[in-house]
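Asks: I grabbed these lines from Swiss-Prot:
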- 37-48: compositional bias 'Polar residues' (COMPBIAS)
- 37-203: region 'Disordered' (REGION)
- 41: N-linked glycosylation site (CARBOHYD)
- 45: N-linked glycosylation site (CARBOHYD)
- 59-68: compositional bias 'Low complexity' (COMPBIAS)
- 69-83: compositional bias 'Polar residues' (COMPBIAS)
- 107-135: compositional bias 'Low complexity' (COMPBIAS)
- 143-156: compositional bias 'Polar residues' (COMPBIAS)
- 155: N-linked glycosylation site (CARBOHYD)
- 165-180: compositional bias 'Low complexity' (COMPBIAS)
- 190-202: compositional bias 'Basic and acidic residues' (COMPBIAS)
- 214-234: transmembrane segment (TRANSMEM)
- 235: N-linked glycosylation site (CARBOHYD)
- 397: active site (ACT_SITE)
- 582: N-linked glycosylation site (CARBOHYD)
- 882-902: transmembrane segment (TRANSMEM)
- 929-949: transmembrane segment (TRANSMEM)
- 960: N-linked glycosylation site (CARBOHYD)
- 980-1000: transmembrane segment (TRANSMEM)
- 1005-1025: transmembrane segment (TRANSMEM)
- 1053-1073: transmembrane segment (TRANSMEM)
- 1103-1123: transmembrane segment (TRANSMEM)
- 1130-1150: transmembrane segment (TRANSMEM)
- 1172-1192: transmembrane segment (TRANSMEM)
- 1212: N-linked glycosylation site (CARBOHYD)
- 1239: N-linked glycosylation site (CARBOHYD)
- 1242: N-linked glycosylation site (CARBOHYD)
């Protein structure tokens, strides 16, 4: 058997060559020399058959030539060039340039006879090749109604080579070996003429075949700009506007008791999950329950041991403080029994079914926990107390979402949960939308909560007694954007709120995703708040909902919010203050009280400030600031503040109703009695701001810092009182200060209406006059977005010869959600907020036009100097805000670029027959389609943002059309914000994605070339094989034919596994690996045997590989969940990820490409379907890709299905081939019965096709 090294098709096109690697040029030269000898021998024999064309040429890509004369190379050159316009069906003798006539006179007759026999064998072999080509053309030129143009195949050899180690298990090919096809065979003359006309029509238009590594200046420049912009974003994110870390370490002595009897009789997940009870060793040494049940739910890939910092603090706080406080025990305070769940570090952020499984398990766990308190052998609880009926739930990260999910599950026990506290939990939307199940689960949960709180009557609200507090870590949390922790779109402010750790008194620091569990300052505040809502005297184990909300606001909010309740107006007088009847202690109306030290008089002294009447035209506000702690009633401290009214006591009237009495009149009969309320319960704790202050918190290893005490009341809140009494209780001189005053709200509050564009261009300046009040407030309504960062600068306050009482203190704050940040010793401040964020649903209560970022400035009013304040947008700092808010964009938006590039490749290929490289197509797209699409999306975003018609909005949010209701999906589109100021984000993200796609393309090229080089080195043939003349003729390991049955069996096995055991994401990963293998093999062949056909196929499979790799991140999270479940021996299949239709097109397409078949060209109207499909996917990826990223897999799956259909039209085992077989059967039956036949040309073509299909 003789192996053909190269040849030409009937139309003159060059076929791919197979030769042993790596001595291709040497073997080619040897074969050409042999064929010259054969041709020379044939010329000396008059009876010899006509000469034939040489059969061994190695084509190389060249520019199309307009000349009709074919170029031929010398034997030393390994290539032959032919004009694409010269189509010679029966080529004559081919002359070799540079080869003169050969001398045959010295040959013997036996040698001449041997040469003649060899020539006859070559003629027979060529005739067989021509017959096979004609048969293949006849079968493939009429493939249904699609009007394909068959492309070049991959492997030019018609002999089946031996298997190679590099051949994939998916490497199959049809029984008929692929050939290099150009024009139709001799079957029909009119088909040949049509091909000639079409070829002449597009000749000169074919693009020049360029290297896949080539890049134009335009593409390079745009890619550098995109990558540079991405580098600026990343650099800004990690270097600018970084909140300082202030958490102190916590310590504990953990112990865990596992409940082994909570088994499969209680829940079907008992073999996967476990329930534990935490015990602080040294304090709680047994496993009996005795207090209030609290359930901790770990987050995504979290551990049950993460409960230990909070549980340890609770055990120590009750043991050291509350247990010794009889009033607290009488009020219902008891120890906390912390239960925790071992989820085997389940991954819930990416998989909705896992989230539902955990919620189902936890409901059964709560049922079991409550039953423990009924078992006297396992409970050490006071029998006089009611049995618990509910559990307090703490959730971290996704554990907080699981906690809310429990209430919508069918196995939820009514009223078993009434208090939920979550930490860094993404309530507003899923962290990623790669799984359809988690997107649906989030929608079901949030819709249920919104629907419950929209009920008019409490009886119709199943969540009426539930309170939800969401605590966010702030800017240091880089795992989940803290914007997603907002619950303003889920619950009204009567049932829950969102607060940031920077707002919590005595915490005042941001925290990362894990530190929020072990931060010492925060866990102390959290534990105290939990103990404050506990009441074991009630079966619910907690106080009523209204009282719980009041407690949470007091512990977690600053106390200066509008919702903060003041206790002074609602309390009865508790202190009786007796003063002399002289007016020396009364401050004149409108004057300010300033004390630079305490105890200077050596005795207790009272300072009275008259309270202005509430009916005055100018609104007044009382403020007091001191660096001393305010005493409660009957406490022996240094300073006490009272709100007093004249007490008209009659002679002999009892004064026993007062808890404390302060007598400053002595034995004087001329005295005034005042009934007073103590203001210590309303005090606001502020961080101390001195010249030595750097941070509002104390860092690890630093001694605790002193704090400022601040009081703030509107006159209406204290209108029932007549005086504010400031009592100096110390008898010895003590350093410190007190400033108290009544100020006009009009002077202390300012609102600046300035557009963001003007703020960006010119900044904003304002001045605090020398006659300013102690506290000034500034509100800027336009500053709401989380995407902007600001710089604030404040000038020095000049106090002259007087000593400065305190350094400037600044508080920035938002009201929805509750976020406050403090800047001590402020000279400048880096301002960033978590306000209106991309993709976050709008709140239940619409925002006021006056809502926005606000600032409070505490400055020393005794310094008679102006203070200038300047504010500007920090452009570089704002770039860093894009990282956390738009990370998921880069899983969807680059698909816009890839699909547009692939669309351009197919359009050029269908027109010219050349499948250009990805980089060349990207260059063409950057000159037209990509800018146009980005411009269209930009105008579309402006149209959606500025549309005031709800009907127009419903066009895009068709899944959430509710008349008269809030559209909670209005921020799901495009870049997720309705602020037209950010219109430029669409082209900026597009620019970055172009750079990312370019880098990713070259990374893939590099990987493919590295693998190709590695395979070439591993397959290097040793010398004893290279010197074997018979082994030299073995072809390269390329694309080998395999039986269709084997291909179908392999596909069927994969589909069966997907439908039963493995998720389709695993099969998709396998497809990507096989496609990578195919690309490596195509690259080897394209580099070893240079031809247009090889380059076309390599560019094609490379682009398909890039498309599949961009979808891979969407499928990997589910695959990770599946592998994790296998690791914990949980073999229950995913019900939501076994749809074979989600992977079958990919398997078929990848199987087809392993055979080396190039996709046929489409010249009919169906070629527009490819363009429309890819363009539609590009638009979807840009508009809906972030919110519904899981849909991108299904859309690309449609592309794979369409390409598989296109491939099947030229495949001899395709469905269309089966239709042809049926047509041939009917044709034969019609001829036999002499009925139903067809006439004319169609009859001849069908008969020829059926005849050739019957030939072996």
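Glycine is treated like the rest: Cβ placed from N, Cα and C.
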Asks: Report, as numbers and ranges, which residues of the same chain sit near the transmembrane segment (980-1000): CB under 8 Å and 6 or more residues beyond its ends.
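Replies: Answer is 215, 219, 222-230, 233, 756-757, 785, 787, 882, 886, 889-890, 893-894, 896-898, 901, 919, 922, 926, 930, 934-935, 937-938, 941-942, 945-946, 974, 1106, 1109-1110, 1182.
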Asks: 235, 397, 582: which of these recorded positions has the sparsest Cβ neighbourhood within 10 Å?
Replies: 582
Asks: Is residue 397 (active site) helix, strand or coil when read with DSSP?
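Replies: DSSP assigns residue 397 (active site) to coil.
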Asks: Okay, the transmembrane segment (214-234) and the transmembrane segment (1172-1192): do they have at least three CB pairs under 8 Å, pairs separated by 6 or more?
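Replies: They are not in contact.
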Asks: Grab the same-chain neighbours of the transmembrane segment (1130-1150) for me: Cβ-Cβ under 8 Å, and only residues 6 or more beyond its ends, written as numbers and ranges.
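Replies: Distal contacts: 170, 271-272, 351-353, 435-437, 1051, 1054-1055, 1058-1061, 1063-1065, 1067-1068, 1071, 1074-1075, 1078, 1104, 1108, 1118, 1122, 1193-1194, 1197-1198, 1200-1201, 1203-1204, 1207.
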Asks: How many whole Å apart are the CA atoms of residue 582 (N-linked glycosylation site) and residue 397 (active site)?
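Replies: So the alpha carbons of residue 582 (N-linked glycosylation site) and residue 397 (active site) sit roughly 62 Å from each other.
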Asks: Let me spell it out: take the transmembrane segment (929-949), skip the flanking residues so only those 6+ beyond its ends count, and list any with a Cβ under 8 Å from a Cβ in it.
Replies: 896-897, 900, 903-904, 956, 973-975, 978-980, 983, 986-987, 990, 994, 1178-1179, 1182-1183
Asks: Round to the nearest Å and give the CA-to-CA distance linking residue 235 (N-linked glycosylation site) with residue 397 (active site).
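Replies: Just about 27 Å between their Cα atoms.
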Asks: Other than its close neighbours in sequence, what residues sit by the transmembrane segment (1103-1123), given a CB gap under 8 Å and a spacing of at least six beyond its ends?
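Replies: Counting only partners 6 or more residues beyond its ends, the transmembrane segment (1103-1123) has Cβ contacts under 8 Å with 346-347, 349-351, 354, 432, 434-435, 891, 894-895, 898-899, 901-902, 905, 918, 921, 997, 1000-1001, 1004, 1062-1063, 1065-1066, 1068-1069, 1071-1072, 1075-1076, 1078-1079, 1134, 1137, 1146, 1149, 1153, 1189-1190, 1192-1193, 1196, 1199, 1203.
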Asks: Where does residue 235 (N-linked glycosylation site) sit in the DSSP three-state scheme?
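Replies: Reduced to three states, the DSSP call for residue 235 (N-linked glycosylation site) is helix.
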